[in-house]
Amino acid sequence: MAILGLGTDIVEIARIESVIARSGERLARRVLSDNEWAIWKTHHQPVRFLAKRFAVKEAAAKAFGTGIRNGLAFNQFEVFNDELGKPRLRLWGEALKLAEKLGVVNMHVTLADERHYACATVIIES
C-alpha cells in the first residue's frame, strides 16, 4: 500500500457554536450525512459533535487533494465508529467515485478534541 494523501484540520468549537446560533440547523444539514444528522439531533453535545465531524470532513477533503468542490460535498463523507469505537469514514456520491478512481483501499482517521478545539487527521492509502 502507498499513501495517497494526508489531511489535517482544526476547528474552533466556539466558531461552530456561533454559526449555529446565527443560522440554526443549516450548517449541520449541509455538513452531516443522514445518519450523522439523526445522531446530532439527539446528541448530548451537538456543537462538539458537529465540530468534530466538520474537522474530519475538511481533513478528508485535504487528503484527497480536492477540497470541497467539483461535486464533492461535506455530507458525502460520513464519520462513524467501528465496534471498538474507532472513527472511520464511509463515502457516498462523488466522494465514493473519486476514491474508486484513485484506487483508495484504506482510510485512517484520528480525531481529538479539547475544551476549545476539535482536530482531525485523515490518511488515505491505495
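Even glycines carry a Cβ here, placed using N, Cα and C.
Summarising the annotation, Swiss-Prot assigns Mg(2+) binding site to Asp9, Glu58 and lists sequence analysis as the type of evidence. DSSP gives Glu58 (Mg(2+) binding site) a helix state. Applying an 8 A CB threshold to same-chain residues 6+ apart, the list for Glu58 (Mg(2+) binding site) reads Gly7, Asp9, Val11, Ile68, Ala120.
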